[in-house]
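Among the features that TrEMBL reports, domain 'Major facilitator superfamily (MFS) profile' is placed at 46-500. Summarising the annotation, TrEMBL assigns transmembrane segment to 47-67, 117-136, 148-167, 173-194, 206-228, 234-255, 331-348, 388-409, 415-438, 476-495. Per TrEMBL, region 'Disordered' is recorded for 292-317.
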Amino acid sequence: MSTEALLAAQGGGGGGGGGEVASRRLSIDDALAEHAGEFGRWQLRHFVLVSAAWALEALHTMVIIFADREPAMSCPAGEGRCGDRCAGAAAGWEWAQGSASSTVAEWGLVCGERYKVGLVQAIFFAGCMIGAGVFGHLSDSFLGRKGSLQVVCFLNALFGLLTALAPSYRVYVVLRLLTGFSTGSIGLCAFVLATEPIGPSRRGTAGMSSFYFFSGGIAALAGVAAMFQSSWRLLYVVTSLPSLVFVLAVMPFISESPRWYLVRRRTDDAMRVLRDIAATNGRRIPDGVTLKLDDEGDDANGGKQIEESSPSSSSGSILDVFRSRTTRARLVLSVLINLLCSVVYYGLSLNVVNLKTNLYVSVAVNSIAEMPAYLLTALLLDHFGRKPLGIGTMLLSGVFCIAGSLIAGVGAMRIVRMVCGVVGIFGMAATYNLLFIYTAELFPTVVRNAALGCTSQASQMGAILAPMVVVLGERVPFAVFGVSGIIGGLLVFYLPETMNKPLYDTMAGLEEGEKTPLK
């Protein structure tokens with residue numbers, strides 16, 4: 001018995017079984033698959049709690065559709081007795097739901113001032129673009145995934161509540177910029193935090209499921225906005241409070257990512273989380289099992305040498321992505337693809353206000369219509385792989401948008417063109433959400449959020465460009481969306497497949513792992 005204890009202490013593998021178990025070092029993916037469970041009760045609970053943050057992002061992003069809408073105007077004096085509509089109250093016109101019903105009504109953002117509504121939207125997404133980069137880096141470094149999510153949700157609540165008190169248009173613009181700064185990284189922080197504790201065989205399907213929360217948040221927003229049509233300020237209050245509730249009531253029950261702990265050299269904390277996962281899932285991790293990064297050897301000494309010689313491997317930045325030829329090419333392609341996808345997705349979505357139907361019903365229906373795209377992608381993701389599905393969905397959207405640009409919008413052909421647009425947004429909604437999973441799997445843990453932050457910035461740039469495309473007329477936008485979808489689909493050809501590949505922890509581990517099939 002003393003001999004076995006000695007072997008265990010020395011990490012010997014040639015002795016009894018006890019020594020072998022005591023010295024065994026596993027990657028997190030292997031530990032999940034062999035001992036803790038890839039997707040059990042712990043992961044399900046954690047996934048639902050974290051993914052609820054997507055609904056918060058939907059509230060803060062889409063509230064502008066309702067807060068900045070242009071309500072109906074009426075002439076109390078009778079038809080034809082009021083002057084120029086652009087003069088508003090000075091010409092005898094009144095807002096049907098009162099001047100407090102929207103920012104447009106309160107500050108007279110009509111006619112020559114109408115551009116200010118689009119300006120607010122562009123500035124909001126510019127804030128998202130900046131915030132995605134900043135918090136993408138912070139969540140990979142000292143702040144962590146959980147810490148970053150907690151900070152951005154608190155800032156969202158704060159800036160959202162302050163927006164409700166905005167005394168002027170200029171102050172409103174500044175507060176929407178700040179709200180965008182904190183909103184832009186909610187999705188990426190939540191996505192990474194929710195999926196990193198899940199095993200490789202379940203990660204893709206679970207990741208796709210997180211986007212139901214975003215669409216559900218939009219549908220819920222439509223219902224809430226319908227109840228607060230008379231006050232845009234109250235609407236901002238009721239859409240901001242859930243973020244505060246999330247920070248106070250949900251975040252305490254969310255765990256930090258064990259992968260982040262591991263790359264920060266906090267192995268004991270990573271093991272604590274994995275043991276908690278195993279216990280909740282009704283399983284157990286043997287006492288002798290420890291964790292290793294994917295660029296470490298199986299022996300304890302080898303791991304120690306790497307830890308001492310590479311103290312900076314526990315964190316990374318976007319500069320590290322560019323230093324590697326492998327990740328540099330992936331990042332450039334991912335940025336271009338996300339940009340093109342976002343232009344099409346947001347561009348096709350912006351036509352809601354031009355449908356001349358009930359705004360609240362239209363937004364709810366559109367959000368629900370995206371859900372089948374998520375379901376289809378989730379079902380096919382692990383059968384066909386990320387790359388073929390990305391190519392297929394982008395080309396599907398692109399082809400139907402091109403078809404829509406060739407159809408005249410008169411008579412019954414309007415319906416045909418509308419169908420082309422519906423199929424276009426169906427395909428691009430699937431692509432948009434698939435890209436989160438695909439991008440997360442293309443980069444190692446040390447730079448994953450930094451890379452996702454960079455691609456999220458590209459998406460926000462696409463969101464800024466989309467309104468500029470929409471104003472080009474009836475057919476031209478469809479043509480632009482079609483070409484964007486087709487080019488994006490062709491670019492996906494140059495990305496590697498990531499299905500059933502390990503989620504690498506370090507840059508060295510990724511480089512070595514990519515060389516393995518060639519040996």
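The backbone N, Cα and C atoms fix where each Cβ goes, and this holds for glycine too.
Curation does not apply to TrEMBL; its annotations are automatic.
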Cβ pairs under 8 Å between the transmembrane segment (234-255) and the transmembrane segment (415-438), at least three:
no
Can at least 3 Cβ pairs under 8 A be found between the transmembrane segment (476-495) and the transmembrane segment (331-348), with each pair 6 or more apart in sequence?
yes
Which range wins on Cβ pairs under 8 Å with the transmembrane segment (117-136): 148-167, 173-194, 206-228, 331-348?
173-194
